[in-house]
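Student: Feature table excerpt (TrEMBL):
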- A:21-41: transmembrane segment (TRANSMEM)
- A:61-82: transmembrane segment (TRANSMEM)
- A:94-116: transmembrane segment (TRANSMEM)
- A:122-142: transmembrane segment (TRANSMEM)
- A:154-173: transmembrane segment (TRANSMEM)
- A:193-219: transmembrane segment (TRANSMEM)
- A:251-273: transmembrane segment (TRANSMEM)
- A:285-310: transmembrane segment (TRANSMEM)
- A:330-351: transmembrane segment (TRANSMEM)
């Protein structure tokens, strides 16, 4: 008799899913603990540092919110695209272009420029509109290639990232470059900065954009007929077509929405954090956001806490590096191991403990 | 030096072929994975791990070939994990690949800080250009094609080997069947999981080797930024090369020469923005895979679709 018995179908009860996920997270944390030990740190205090800074101090919490804001927007973009059957991975590009578009408008409001008379009250809606549009058009190109010509959106969107990043690299090295040794723009006028809304921290108003977007995406997918059509197009294009849904048009719409959300992430970063445009501004957030969406099980509300925890871990890791000299890159390892182990943990649900075997063994030993 | 001089042409093409080498090697391996139905986005991370492994081995042994072997072994080990995730767990290949790249970046950065950040090792032994007798004296092709490093020659040999293995062996037929129609392949007695494991392992070994190639024949040092998207370029080459080793070699040439053109034109002091030139390969790839130009869809039909034998 064996202690572990293979099942024919995985156990899909909530308890089984929760148990295996917990086991996966603990396993990932155990492996990261070994790394902490290797760097001469007590794992318990390392984990304490990792979570105390972002969630136990106001300043750190502000930073966590700042980090979570673009992650949330990109994760929301991923959700809209994915649930409509459009695997979009071009968020690095959308983020960069959205950042560039809002920087361009912000710089145009400097004294002497053509938009100098634009009141701050009008500036923010205009910036949101323009960067959303730029992102939507950009991802819409991939959407057209997929919907009209049957191109593979995964690889096209991956490639489009490089083109977008090169476009912005060109802009900061040429037309938008400020005098000086570095390829970057001037600092944006103070009036165009997103207000710091969490007192005593760098937490800026971009988080409101992220919260509003989460609500709107939730509305769209759960409450509106259009969202239902998007989801049906994603689940079964043939059935959707049969029901009279224009699948190509829905795909295009999903692509545009997700790219627009990705561009808004760039807007919050440029108007809330960097305050000037430079090369390499995205730093991989376009991919991390996709992972956040996945961990949140493609649920627009669950994205909020997930992005906060993910962003918080980044903040905690920086603090850990400053104080204990533990490289913050360990957090990359911890985060990605958690995702991989959670994915792999579905395998565990194919097994069950054979308690009967355990009992009979005990009885046999007693006899 | 003018744009049309032979010296310019030679410098340009030599650099182009040189730059295309590592990505071609990675693309050759990826061709096997994709032909078996696995979209292995993790090669970006494997390139990085291979580069790290070869660099560490090189500074500890001073050998030339041992680091290359270590890189391949590292790629193989990483691919074993990836194959398990792709084939046995049947997780989303896109997600696993992307997350693995983050993991690899974390590992590379951590190991680098742990072992090298405080000590600064001297220059490592690198592959030098080998001039092949007779043919390297030919005009233009001599210096461009026959005065390269050993890993490049090895890669060119592997193009032939890969073509033969894919299209003229039982193994290649089984591999392609697993990627085109796994159900039919299964019915014909071919083990689809086995083929997909093999495809992923080949792509991992090749990507690891390519990482070692990058360090040992081109860069000569390690930073966690040296790969910077070359794995994704290799993916583009596979598609642009329509899943064929020969065409992948041509596609890698296009990438390499566009990359080199930008360097050469900068030397000449032209005013074309380098970003425009740099973006050509990506734009060309996007157009090539967009489906705009019609053409037969040669993508393996079951690419990135997990296969579960029905119980």
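Using the three backbone atoms N, Cα and C, a Cβ is placed for every residue, glycine included.
Keep in mind it's a predicted model, so treat the numbers as computed, not measured.
Give me the structural setting of these features: burial, nearby parts and distances.
Tutor: Counting same-chain residues at least six beyond the ends of the transmembrane segment (A:21-41), those with a Cβ under 8 angstroms from any Cβ of the stretch are 47, 324-327, 330, 333-334, 337-338, 340-342, 344-345, 348.
Away from its own ends, the transmembrane segment (A:94-116) comes close to residues 70, 74, 77, 123, 126-127, 130-135, 138-139, 164-165, 167-168, 171, 176, 185-186, 188-189, 191-192, 259-260, 262-267, 269-271, 274, 276-277, 281-282, 285-286 of its chain (Cβ-Cβ under 8 Å, at least six residues beyond either end).
For the transmembrane segment (A:193-219), same-chain residues at least 6 beyond its ends with a Cβ under 8 Å from one of its own Cβ atoms are 58-59, 61-63, 65-66, 68-70, 72-73, 76, 79-80, 124, 128, 227, 261, 264, 267-269, 271-273, 275, 300-301, 303-304, 307.
Sequence-distant contacts of the transmembrane segment (A:251-273) (same chain, at least 6 residues past either end, Cβ-Cβ under 8 Å): 66, 69-74, 76-78, 80-81, 83-86, 88, 90-91, 93-103, 106, 127-128, 131-140, 142-144, 146-147, 153, 188, 192-194, 202, 204-207, 209-210, 213, 217, 226, 230, 233-234, 281-282, 285-286, 289.
For the transmembrane segment (A:330-351), same-chain residues at least 6 beyond its ends with a Cβ under 8 Å from one of its own Cβ atoms are 4-7, 9-12, 16-17, 20-21, 23-25, 27-29, 31-32, 35-36, 39, 50, 291, 294-295, 310, 313-314, 316-317, 320.
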Student: Which residues, given as numbers and ranges, are at least 6 beyond the ends of the transmembrane segment (A:285-310) yet have a Cβ under 8 Å from it?
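Tutor: Beyond its ends, the transmembrane segment (A:285-310) has Cβ neighbours at 64-65, 67-79, 82-83, 89-95, 161, 210-211, 214, 217-218, 221, 262, 265, 269, 335-336, 338-339, 342.
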Student: What same-chain residues lie close to the transmembrane segment (A:122-142): Cβ under 8 Å, and 6 or more beyond its ends?
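Tutor: Sequence-distant neighbours of the transmembrane segment (A:122-142): 88, 90, 93-94, 97-102, 104-106, 109, 151, 153, 156-157, 160, 164, 191-192, 194, 209, 252, 255-264, 266-267, 271.
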